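Right, one structure below, let's go through it.
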Amino acid sequence: MEDDGYYLDTDLDLSFTSTATDRTFTSSSARSSLARSSLTLSFNDRLSTATTPSTTTSSAATTLHHRRYDPHWTSIRAATTLSSDGRLHLRHFKLVRHLGTGNLGRVFLCHLRDCPNPTGFALKVIDRDVLTAKKISHVETEAEILSLLDHPFLPTLYARIDASHYTCLLIDYCPNGDLHSLLRKQPNNRLPISPVRFFAAEVLVALEYLHALGIVYRDLKPENILIREDGHIMLSDFDLCFKADVVPTFRSRRFRRTSSSPRKTRRGGGCFSTEVEYEREEIVAEFAAEPVTAFSKSCVGTHEYLAPELVAGNGHGSGVDWWAFGIFLYEMLYGTTPFKGGTKEQTLRNIVSNDDVAFTLEEEGMVEAKDLIEKLLVKDPRKRLGCARGAQDIKRHEFFEGIKWPLIRNYKPPEIRGLVKKTKAHAGHVTAAVTPRRNKWLWWALSHLLRSKSLSKSSSKIQSNNNYYHYVGKKL
C-alpha cells in the first residue's frame, strides 16, 4: 500500500528522464492549426515548494462509462480507494516516456504506481503560466468537451488534475500513433479503397456523435485521428471546438428503390428466366441531430482543411466539419489534399477560387468515392452534403453501401503496413492477435487431441467389453 505522506505533489520532479527511446506520435508535418500555441514547455521545472497538497485538486470521473470492464477504470478505482482523500494526484503516476506535443501542451505515456497490472494512460500536461488568456480558455473548452464524451471512437477523460500552474488531463493511450504517420508508411502515402472506407466510416460516426451533442469539431485531419491498440480510431484535440444548440429530430423518410425479380416465360417450348425491374416505395425512420443553427466567426483549424466560408471570414457552422471530411477522404486516397499550394496563402486562394478537384485513380470503388467527395466539397454550405440532416445523408451514399452502422464497432480493422493490432481475449485483458499460421496449427493440435481421446475411448470400450465377456464366459 502506498504511503500518501511520502509521495508529495510538492516533491514531484517534472523533469522527465527515461532510458526508453523518446518516441513521438505527433506528426512531423508542417501542417498546424491556426490557433496553435507557440508553447515550448520545457517540463524541467519542479513545482514550487511553497505549494501545499491542499492546492492540488483532482476531479476523477465518477460515472462508469460504457466500457464497463475497462482495466483503466479498474486501476483508477483501486488508486482512489487507497488514496487518503479518495482523489488522484500526480504522485500516483509514473511517467514512462514522452509521446509528443499538442496544441496546448505535452503528452506523456504513464501508468499508475504500484499497480499489479500496469495500464497505459496518456497524460496531457499543460503549463498555464506560458499560455495567454485565450489559450487558457481553449484548455477549459477541451476539458469540458472531454467530460461530456462517452463513445468508443472518442477519448475518455479519466481524471483532471490541477497542481500549481499545471493542468493535467488523463485520457486513453493509443499505441499505434496517428493516422498521418500511418499514411506516411504506405506506398505513395495513400490507402486502398477498403481501408479508406473503414477509417472514414468510424470518423463519420464520431462526428455524428459530436454533432448530436451540439459540438462542432473544426480540426479534423489525419494528425488528430489516433489508432487504438485494437486498430479502431479515436479522435483527439478538442481545444478548437465550439458548442451550439441542437434539436434532435426523428423523421420518416420516403424514397423509391429499384429492384429486380426473375420471371419465367415460355418461348418456343423452352423455359427462360428474365429479369423484371420494378420500383417500390420504402419508408425509413431516421434520427438526426445536426446543429444547423451553429455559428462562429473564429478563424481556426488547419489551412489545408479550412472550408471556403471559414476562409472568407463570413461566419461558419457545422458544415465546416463535412467539408473537412471530404478533404480527409481525398488525402487518404491520394496522399495529399486537393487544394494544396506552394504556400499557405496559395492553398487558401485555391480553396476559395478553384472549383474542380483532380481525380486520377480508376480502381474499383473510385466512382463512388469521387461522387461523395464532390458532394462534400461544395463551396456553398447550404448545398453541401451533410449540412441539412447531418451524417444520415452521408451514410446513405453508395460509397458506404453494405455497412451495418449499428455494428460498426465490430468490423475488423484492415491489414495494412505499420498497424499492429491486438484483440481482447476477455474482459479486462488484452492479448496479441493470433496469426493465420498459428491459428491453423492450433486447430490441427486440437483436432489431433480430440482424435486421440476418441481412439483412447474406443480402445478402452473394446477392452472393457472383452473383459466383460471374458468374465461372463468364466461365470457361465
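Just so you know, the numbers here start at 1 and follow the chain as drawn.
Glycine residues also receive a Cβ, built from the backbone N, Cα and C atoms like all the rest.
Going by Swiss-Prot, these are the annotated features:
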type: DOMAIN; residues: 93-400; note: domain 'Protein kinase'
type: BINDING; residues: L99, G100, T101, G102, N103, L104, G105, R106, V107, K124; note: ATP binding site
type: ACT_SITE; residues: D219; note: active site, proton acceptor
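The Cα atom of the residue listed as 'active site, proton acceptor' lies nearest to that of N103, taking the binding-site residues L99, T101, N103, G105 as the candidates.
Computed over the domain 'Protein kinase' (93-400), the whole-number mean pLDDT of the model equals 89. Each of the binding-site residues T101, N103 was scored by the number of other CB atoms within 10 A of its CB, and the lowest score belongs to T101. Under the three-state DSSP scheme, N103 (ATP binding site) falls in the coil class.
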